[in-house]
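Peer 1: Below are the structure tokens for one structure; questions will follow.
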Amino acid sequence: MSSSCSGLTRVLVAVATALVSSSSPCPQAWGPPGVQYGQPGRPVMLCCPGVSAGTPVSWFRDGDSRLLQGPDSGLGHRLVLAQVDSPDEGTYVCQTLDGVSGGMVTLKLGFPPARPEVSCQAVDYENFSCTWSPGQVSGLPTRYLTSYRKKTLPGAESQRESPSTGPWPCPQDPLEASRCVVHGAEFWSEYRINVTEVNPLGASTCLLDVRLQSILRPDPPQGLRVESVPGYPRRLHASWTYPASWRRQPHFLLKFRLQYRPAQHPAWSTVEPIGLEEVITDAVAGLPHAVRVSARDFLDAGTWSAWSPEAWGTPSTGPLQDEIPDWSQGHGQQLEAVVAQEDSPAPARPSLQPDPRPLDHRDPLEQVAVLASLGIFSCLGLAVGALALGLWLRLRRSGKDGPQKPGLLAPMIPVEKLPGIPNLQRTPENFS
């Protein structure tokens, strides 16, 4: 029975040796020296690091004197484990025939990489970044190779590998793991991102096609401030600035949306202001309000940004105090201050004093459209009037210069038939 078991063991070892030898020789160095890697449930080949290839050695587990594989196995300096599992992890020692230790090998088990999950985002119109995460936890040291290239139009095979289309390396961020950044991208172009995960047991690649206008997502607006408007217990004035990562250009602007709610109210009210400020006119008097803003490309490219941190403000509770200046004292100083303020080139700061005129929240574009429509209708009316006047003058001039044509403004009743008009018909009496 023991001989049959030993024979079966020899057969399994021979099969495992054939499988491992056909797949790969001794594994190349990866990570710390003296460490080799394997996958659970698969055969593993360990190589004695201190001897030349083909030298017969004996193998032991570290701290265990039992022989695992003798020098007469015919495997030389290699140790073949038919099917490894977690108990097989650890350190193995190899010795030559003279008893000298050849070296130590540490076996670690893990899994080959799966396809990584990749996503890309652009915070402005000329740079974008891509992040990734492993498809599965391999338990082994892992590296990532990242590159990108510009996609060509269908049929442009000659440009597929030209220097103008790449591929180029996607520089990985040294401060943030699993992230690479592409600078100087073209807003209307399409790019292919290549992220390859590599570990000692293999490699796996993910290819992702991206368009800058589709992945555009600005950073949240900055500097949000909420202030009360004196004398108006239901108004709040909110202002903010562009995110620092967005370069302001006339053809690449942002639009904004603003949300606000009173304290202890879960529902948000949303408005889309024009510009970098908004006056809330329906605030709840006496209650603090939370306000937040987000941004998006003004042509709706990409998606809305994340919300900015909330800012709080409470409407004014006191009545408006009209201060009457004392002109009997310091009249000259006040007049000089007013003149100096009018002559100053610095832009006037917005006043927080209430404006008695009603607020006009109409869109300036809407006002321009109305004015343009009125102008077009006025021009059309003038053109029609001028055409009618010219036609009337022409008909009048032609009637004076020659006889009227029958059928064209000619009288329907003969002149001699009209009452009170003498008969002008030629007779002998008329000539006598």
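For all residues, glycine too, the Cβ spot is worked out from N, Cα and C.
What you see is a predicted model, and the numbers here were worked out from it, not measured in a lab.
Pulled these from Swiss-Prot:
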| type | residues | note |
| --- | --- | --- |
| SIGNAL | 1-23 | signal peptide |
| TOPO_DOM | 24-372 | topological domain 'Extracellular' |
| DISULFID | CYS48-CYS94 | disulfide bond |
| DOMAIN | 112-219 | domain 'Fibronectin type-III 1' |
| DISULFID | CYS120-CYS130 | disulfide bond |
| CARBOHYD | ASN127 | N-linked glycosylation site |
| DISULFID | CYS170-CYS180 | disulfide bond |
| CARBOHYD | ASN194 | N-linked glycosylation site |
| DOMAIN | 220-317 | domain 'Fibronectin type-III 2' |
| MOTIF | 304-308 | motif 'WSXWS motif' |
| TOPO_DOM | 394-432 | topological domain 'Cytoplasmic' |
Peer 1: Going by DSSP assignments with H, G and I as helix and E and B as strand, what are the residue counts for the domain 'Fibronectin type-III 1' (112-219)?
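Peer 2: For that range the per-state counts are 7 helix, 50 strand, 51 coil.
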Peer 1: Could you work out which of the glycosylation sites (ASN127, ASN194) has its C-beta surrounded by the smallest number of other C-beta atoms within 10 A?
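Peer 2: Among the glycosylation sites ASN127, ASN194, the lowest count of other Cβ atoms within 10 Å belongs to ASN127.
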Peer 1: Would you say which of the disulfide-bonded residues CYS94, CYS170 has the most Cβ atoms within 10 Å of its own Cβ?
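Peer 2: Checking each of CYS94, CYS170, the winner is CYS94.
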Peer 1: Over the domain 'Fibronectin type-III 1' (112-219), what is the model's mean pLDDT?
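Peer 2: That region's mean pLDDT is 88.
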Peer 1: Given the disulfide-bonded residues CYS48, CYS94, CYS120, CYS170, CYS180, which lie close to ASN194 (N-linked glycosylation site), meaning Cα to Cα within 10 A?
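Peer 2: Among CYS48, CYS94, CYS120, CYS170, CYS180, the ones whose Cα sits within 10 Å of that of ASN194 (N-linked glycosylation site) are CYS170.
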Peer 1: Per DSSP, to which secondary structure element type does CYS48 (disulfide bond) belong, with helix, strand and coil as the options?
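Peer 2: Once the DSSP labels are grouped into three classes, CYS48 (disulfide bond) ends up as coil.
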Peer 1: I'm trying to understand the geometry here, so how far is the Cα atom of CYS130 (disulfide bond) from the Cα atom of CYS180 (disulfide bond), in Å to the nearest whole number?
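Peer 2: Rounded to the nearest whole number, the Cα-Cα distance is 6 Å.
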Peer 1: When secondary structure is assigned with DSSP, how many helix, strand and coil residues does the domain 'Fibronectin type-III 2' (220-317) contain?
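Peer 2: Helix, strand and coil residues of the domain 'Fibronectin type-III 2' (220-317) number 0 helix, 43 strand, 55 coil.
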Peer 1: Quick one: among the disulfide-bonded residues CYS48, CYS120, CYS130, CYS180, which has the most Cβ atoms sitting within 10 Å of its own Cβ?
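Peer 2: Going through CYS48, CYS120, CYS130, CYS180 one by one, the largest Cβ count within 10 Å is at CYS48.
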Peer 1: From the Cα of CYS120 (disulfide bond) across to the Cα of CYS170 (disulfide bond), what is the distance in angstrom?
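Peer 2: For CYS170 (disulfide bond) versus CYS120 (disulfide bond), the Cα atoms are 12 Å apart.
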Peer 1: Can you tell me how far the Cα of CYS180 (disulfide bond) sits from the Cα of CYS48 (disulfide bond), in Å?
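Peer 2: So the Cα of CYS48 (disulfide bond) lies 39 Å away from that of CYS180 (disulfide bond).
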